[in-house]
Amino acid sequence: MYGIEYTTVLFYLISFVLVSYILKTITKMMDYIIYRETFIIVVLSVLSNAQNYGINLPITGSMDTAYANSTQNGNFLSSTLCLYYPSEAPTQISDNEWKDTLSQLFLTKGWPTGSVYFNEYSNVLDFSIDPKLYCDYNIVLIKFASGEELDISELADLILNEWLCNPMDIALYYYQQTGEANKWISMGSSCTVKVCPLNTQTLGIGCQTTNVATFEMVADSEKLAIVDVVDNVNHKLDITSTTCTIRNCKKLGPRENVAIIQVGGSNILDITADPTTSPQTERMMRVNWKKWWQVFYTVVDYINQIVQMMSKRSRSLDSSSFYYRV
């Protein structure tokens, strides 16, 4: 009996020693592998910082120009540019190859073929609802039209900033704005927005909640309206629901990868006077209106200076000018 117990103890002791030896051997092997891989990674990282001839050399058709030899990415060689323009532009140009021509001209400014995308929009309303600002840099050309100054100005405020928006059910609820960054954005073919401020007893202040005719009108037959009311006061709203929608939005901050070029007009529209607009580099500019070819030539000529005032996109590819959250 004692012999069996001694044998059992001896078996477990030998097993423990054997397992310890195996684990120690495996540990040494793992240490060797880890140290070796670390050494290889360090050596490769050092070599990768060396000059890499030809990687960032733009092909312009001529090798006479001296280019700085660098391993850093060029400013535009890995970037995309979206150019948005009204539908009247290609109609006036009347040239099926005008985009190819502009692509070749952008190439002379350092933008490779295939990095510039041309996007047409029919009107301010359609563009404001779904702008599709997908590129690293987005430049919007807006033709100045008398009588549409307000729509253009509010479109600029919309797409030059990022917004977080919720749908509003004005038939069931009262709404209030909680700060300067909180606005109500209405869109449609014809938006008329009326409001009735309420006191703590939900009685109208200067208006009757049961009589829409007594409401104050804050937007009249507009395609796009960014409505601002007194903060921290409940309001009952009325809109032309058949031709308009309204959302409760909060301005998150500037969208620095978007710029607007106003085409024509005596003065450039200025949105920096808005108290919700933080001090920032001006990304609205104006070019003289002559012909659309002249406008595009001007854009190509100054494209790099324009982009210098912008910041490259940092959000997802599928980013619009406002986020719609249910």
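Residue 1 is the first one shown; counting continues down the chain.
Glycine residues also receive a Cβ, built from the backbone N, Cα and C atoms like all the rest.
Small disclaimer: the values here were computed from a predicted structure and weren't measured.
Between C165 and the candidates C82, C249, Swiss-Prot annotates a single disulfide bond, the one to C249.
Ca(2+) 2 is bound by D228, V229, D231, D301 in Swiss-Prot, and the record lists one more residue there from Q92, Q104, Q177, which is Q177. With every protein chain in view, the residue among the binding-site residues D95, D228, D231 whose Cβ has the most Cβ partners within 10 Å turns out to be D228. In the three-state DSSP classification, T214 (Ca(2+) 1 binding site) falls within a helix.
Inclusion criterion for the recorded positions C191, C196, C207, D301: a C-alpha placed within 10 angstroms of the C-alpha of T214 (Ca(2+) 1 binding site); this criterion is met by C196, C207. Annotation for the disulfide-bonded residues C165, C196, C207: lowest Cβ count within 10 Å of the residue's own Cβ, C165.
Every protein chain considered, the tally of other Cβ atoms within 10 Å of the Cβ of C249 (disulfide bond) stands at 24.
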